[in-house]
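The following features are taken from Swiss-Prot:
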type     : residues                        : note
BINDING  : G50, E51, S52, R111, I140, R141 : L-glutamine binding site
ACT_SITE : C82                             : active site, nucleophile
ACT_SITE : H176                            : active site, charge relay system
ACT_SITE : E178                            : active site, charge relay system
Amino acid sequence: MSDTPVIGVLALQGDVREHLIALASADALARPVRRPEELAEVDGLVIPGGESTTMSKLAVLFGMMEPLRERVRAGMPVYGTCAGMILLAEKILDPRSGQETVGGIDMIVRRNAFGRQNESFEAAVEVGGVEGGPVDGVFIRAPWVESVGARTEVIAEHGGHIVAVRQENALATSFHPELTGDHRVHALFVDMVRAVN
């Protein structure tokens, strides 16, 4: 891998464009990923926000679920925001019928924990590993983490709830940093991808 990592954004649903822009601003070569062969060509992957049940079903429908699981198990760096966080969880406290996860982070999440769409909000969040003060977190029907395993590091909390975690090469936030123009969380992820190679 060159100094410029190739990072994909799972492009089944969600704010793909915003993640592509954030990754490019953090000095990565960013590209959408829709098929298993595209997944095989990236050094790391962002799983964006969206609707977690729909994303899970689309990943199965498009033949992406097993390749995603295999790459994450093999150590590919992965970053999930909001619904992406849910997909990276080992367990969902309140899953919808037919909802599957990729796994990769030893955590239990609660879907839509911060409320409905009209209860969305922005908040300053101190994120471990991100310098320069708090990041502006956009919480849209956001999950929170109920509990983590011994290998999972809590890197941010808001209102007494876990909203960002890291486990080895996996990162997850319940908020959307890509919607704010502050790309420091993406820069942290790009550094994680670089460190693997």
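From the backbone N, Cα and C atoms, a Cβ is placed for every residue, glycine too.
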Worksheet, complete the sentence: Residues sitting within 8 A of the centre of the G50, E51, S52, R111, I140, R141 CB atoms (L-glutamine site), not counting those, run G49, C82, A83, I86, N112, A142, P143
Worksheet item: CB neighbours of S52 (L-glutamine binding site) within 10 A?
Response: 30
Worksheet entry | Length of the line joining the Cα atoms of I140 (L-glutamine binding site) and the residue listed as 'active site, nucleophile', in Å | 8
Worksheet item: Under a criterion of Cβ-Cβ distance under 8 Å and sequence separation of at least 6, what residues of the same chain contact R111 (L-glutamine binding site)?
Response: S52, I86, I92, L93, D94, P95, R96, P143
Practice prompt. Would you mind reading off the Cα separation of H176 (active site, charge relay system) from G50 (L-glutamine binding site), to the nearest angstrom?
Written response: 11
Worksheet item: Judged by the number of other CB atoms within 10 angstroms, which among R141, H176 is the least packed of the recorded positions?
Response: R141
Response to the item:
Students should find that the Cα atoms of G50 (L-glutamine binding site) and E178 (active site, charge relay system) sit apart, in Å rounded to an integer, by 13
